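**Q** Sharing a structure, written as C-alpha cells. Questions coming.
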Amino acid sequence: MTPQDHKMGVETLDAEKQNAAHEEYSAEVLDKKGNGDYSGAVAKSDPEEIKLVKKLDKWIMPTLWLMYWLNYLDRNAITLARLNGFEEDLNLQGSQYNTSVSILFVGYVLGQIPSNMIITRVRPSWYMGGFMMAWAVVSSLTAVAQNYTGALLTRFFLGIVEAPYYPGALYMLSTFYTRKELATRISILYSGNVLASAFAGLIAAGVFEGMDGLAGIKGWRWLFILQGAVTFVVAIVACFTLPDEPLTTRWLTPEQRQLAHDRVLRDTVGQKGDGNPWSGLREAIVDPKVWVFIVLQHLHLATNGFKNFFPTIVNTLGFNTTVTLVLTCPPFLIAGALSILWAKSSGHFNESTWHITISKIVATVGFVLACATMNVGARYFAMCVFTIGTYGVNSILLAWVGNTCGQTREKKASALALANVSATLSLIWTPYLWPKSDAPRLAYEVDAGQAEQEDQTDRFRGYAILCLLDMNWNLGRDRPIYPEVFNTMPKTYGYYD
C-alpha cells in the first residue's frame, strides 16, 4: 500500500467515524432527551455547554461585531462624503460617482471565494486581523484622492482587502455555533452593519460640523482619516481576541475546547470529514441547493441597494445636511432591533422560508408606499418600513446556507463565499439605478428609470419567494413520512420549512 492510499484510507475511516457519531448522537437525543426536532437540532440543557456558549459570546461576538461596524463605516463613508463636497472636490461628472460606489464590489467579487478557500488553511484570527489593518490603510488613503482616478483606485483596492471579512466571519461563527444558535448570532453580527448605517450619519455630522476646514482639510477627508485610524487599532486587538478553531482556542480550557469541538461536530449536517479547499469548492458548485441560495442572495441584495444611497435618499426630504444625517439613524435602529428578534424566532422554530417571505412582503409594502406619495411624513415612514423588511432577511438566509451546506468545513466556507459573491454582484449594477438627476423621486428608483418604478423591485422579491418555495420543497421532499424513522437517519440538511 502506498502512503497516499494509506492516507486516503485513514480519511475514509475518519469520515465514517464522524457519520457514525452523528447518527449515534441523533438517536441518543431522541431516546434520552426527547427534545430533538425533525432536523436533529437540539436545545442546550447541559450547564457546561450553556457556560461555554456564554464564554464564546463574550469573546467572539463583540470583536466580530466591532469589526463589521467599522467595515461598513469605512466602505460607506463615500455616501456621506457626497454631502460634504466629495463630488465637487474630485470634479466627478455624470455617473462617475455611481461607478466609484460600484467598483468597490468588483474587488469584493474577486476576493471573497479565494479568501474563504485560504481561511481553512491558516489562522483565521491573524488572517482577518491582518486584512482589517490593510483596509484601514486603504480607506484612509481615500482622503488623499484628488480626482476620479484616485477615487476609483482606492475604492477598488478597498474592496479587495475588505472582501475576506464577512464570509470569513460567517465561517468562523459556523465553526463554533450550532444550528439553533447560528441565525441569532449572525443577526447580532449583522446589527453591526445596521447600527453603522444608523450612526454613520451622526458621526459624519459631528466631523463635518467640527472639523471641516481644520488644518486646511475638508471634513469628508477627515472622516476617512479618523475612521481608518480607529479601524487599524481595532485590527490589532482582533488578532488576539478572535479564535482560530475550537480545539486550538487559547482562551478556552482544554475541557471547553473539546466540548466546543464535539457539539458542533454532532450538530453538523451530513458530516463527511475534512477535504481540501478545491474539493470543497467543487462540492459546493455541483450542489443544486447552493445554486438556489446563490440566486436567492442575488435577488435579495438587488432590492437592498438603497442602503448605499440612503443619505442621498433622505436628503430628498428637503432638510439641511445636519438634519438629513440625523434622520438616517432611526430606520436602521428599528430595523436592527427587530431583525435580531426575527432571527431569534427563526432559530426557535427552526423555520426559514416563511420568516424570509414575510420580511419580503413588509419590504414590498414599504417600497410601494414610497412610490405612491410625495408627503414628507409618509415617505419617511415608508423608508422605515422597507428598511425593516429588507434587514429582516439577511441573517436568516445566510444561516440557512451554513446549516444546509456544511458537510465539510471547506464546502461550507465555499458555499458561504459563493452566496456572498452572488450578493455582491448585485451591488455592482444597482448603484446605476439611483441617478442624481431623478431626485426627488430618486429614493424610489427601482426600475432603471422606467415609469413603473416599484415594478422591478417587486419582481425581484417575487422571484426570491419562488426560490424560497423551491428550496423548501427540495429540502422537504426527502423527509420520510414517518418522523420516528426520519429522526434516526443521518441528517443531510438543516431545517427547511
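Keep in mind that glycine also has a Cβ here, set from the backbone N, Cα and C atoms.
Annotation comment: TrEMBL describes 60-497 as domain 'Major facilitator superfamily (MFS) profile'. The feature transmembrane segment is assigned by TrEMBL to 126-144, 156-176, 188-208, 220-242, 317-342, 354-373, 380-401, 413-434.
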**Q** Same-chain Cβ contacts of the transmembrane segment (126-144) under 8 Å, 6 or more residues past its ends?
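**A** For the transmembrane segment (126-144), the nonlocal Cβ contacts are 67, 70-71, 74-75, 77-78, 115, 118-119, 150-151, 154-155, 157-158, 161-162, 164-165, 168-169, 172, 217, 221-222, 224-225, 227-229, 231-232, 234-236, 238-239, 242.
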**Q** Does the transmembrane segment (317-342) make contact with the transmembrane segment (156-176) through 3 or more Cβ pairs under 8 Å, each pair 6 or more apart in sequence?
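**A** Between the transmembrane segment (317-342) and the transmembrane segment (156-176), contact is absent.
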**Q** Let me know the model's mean pLDDT on the domain 'Major facilitator superfamily (MFS) profile' (60-497).
**A** 80
**Q** Short question: most Cβ pairs under 8 Å with the transmembrane segment (354-373), which of 156-176, 188-208, 380-401?
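**A** It is 380-401 that shares the most Cβ pairs under 8 Å with the transmembrane segment (354-373).
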